[in-house]
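Enquirer: The structure is given below, and queries will be raised subsequently.
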Amino acid sequence: MSATYAPDRILLEKAETLSEALPYIQRYAGKIFVVKYGGHAMGNPDAAQDFAEDIVLLKAIGIHPVVVHGGGPQIGKMLKALGVESQFIDGLRVTDNETAKIAEMVLSGAINKDIVSWIGRAGGRAVGISGKDAKLVEVEKVKKIRKNSTDGQDENIDLGFVGRPVSVDRRLIDTLTQSGMIPVVAPIGVGADGETYNINADTMAGALAAGLEAARLFLLTDVAGVLDADKKLLRTLTPSQIDSLTKADVISGGMIPKLETCIESVKSGVDAAVILDGRVPHSILIELFTEQGAGTLVKLD
């Protein structure tokens, strides 16, 4: 009697994982995914390598990833190194002309090219751009209003060169993705006045996802996702559920603007937005290609 081949358990699990991924690969082939990359995943070489490999794999199976990156901490370090003092109003950095130039240098000249290099080492072909290139993202100046502490009247606060996306011209991104390239986008845009404006990276990613009619928006963070009152991960959320949880103070702090970006994107036509833990190796692949997923998925009611 011939011996029966018993496959190694680990090999069998890998084969089952690939089999489980097949319907998702078929579903998303040819679709655009916008991935906001930042936090721990950006500062750790091992995490950066894992991220780059995930992005290259997505491209290899027919998905078109577009990477948007942040860089606030790195900008802060450079400003400090150059002896430039930062001014903050209600927790928001005031971006004067000098600060804007330094921010662009760090975002487009350093961080952006580092990510391009990581993707290149993983076998991909990446191109570093910003929202200024080909007027990819046009912005309007952010206007902030607060109550005057003296008389309680509204007053306008000038944050300098900080912008909010108002339009996306997708032609450059389409040209790059159709040529087999992976766009890596720095969160910088151009105003109607021709000036350069910094953009919040989450906001930039959300605007691009909407403008590119992306199937998915991923926001990589340093938390597991959105947690309930018992600190357990919420797998899916709708705008109405988010509103209820926010009113109950279950959702608070920095998670609120991230979820606002998710809601705006799905209301603008993005199929779903996902808040993911960038500290978890291959979290994007786990979220996409397994039934359980890895983060919090936001979809319409």
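Each Cβ is built from the backbone N, Cα and C atoms, and glycine gets one as well.
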Enquirer: According to Swiss-Prot, Gly71, Gly72, Asn198 bind substrate; which one of Arg93, Arg171 is listed for that same site?
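Expert: Candidate in the recorded substrate site: Arg93.
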Enquirer: State the Cα to Cα distance, in Å, between Lys36 (site 'Transition state stabilizer') and Lys258 (site 'Transition state stabilizer'), rounded to an integer.
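Expert: The separation of the Cα atoms works out to 11 Å.
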Enquirer: Taking the Cα atoms as reference points, how far is Arg93 (substrate binding site) from Lys258 (site 'Transition state stabilizer') in Å?
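Expert: With distance taken Cα to Cα, Lys258 (site 'Transition state stabilizer') is 18 Å from Arg93 (substrate binding site).
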Enquirer: Taking the residues Gly71, Gly72, Arg93, Asn198 listed for substrate, what is the greatest CA to CA distance in Å, to the nearest whole number?
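Expert: Among the residues the record ties to substrate, max Cα distance equals 13 Å.
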Enquirer: Report, in whole Å, the straight Cα-to-Cα distance of Lys258 (site 'Transition state stabilizer') from Gly71 (substrate binding site).
Expert: 16
Enquirer: Since the record lists Lys36, Arg93, Lys258 as recorded positions, which of them has the fewest other Cβ atoms within 10 Å of its Cβ?
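Expert: Result for the recorded positions Lys36, Arg93, Lys258: minimum number of other Cβ atoms within 10 Å at Arg93.
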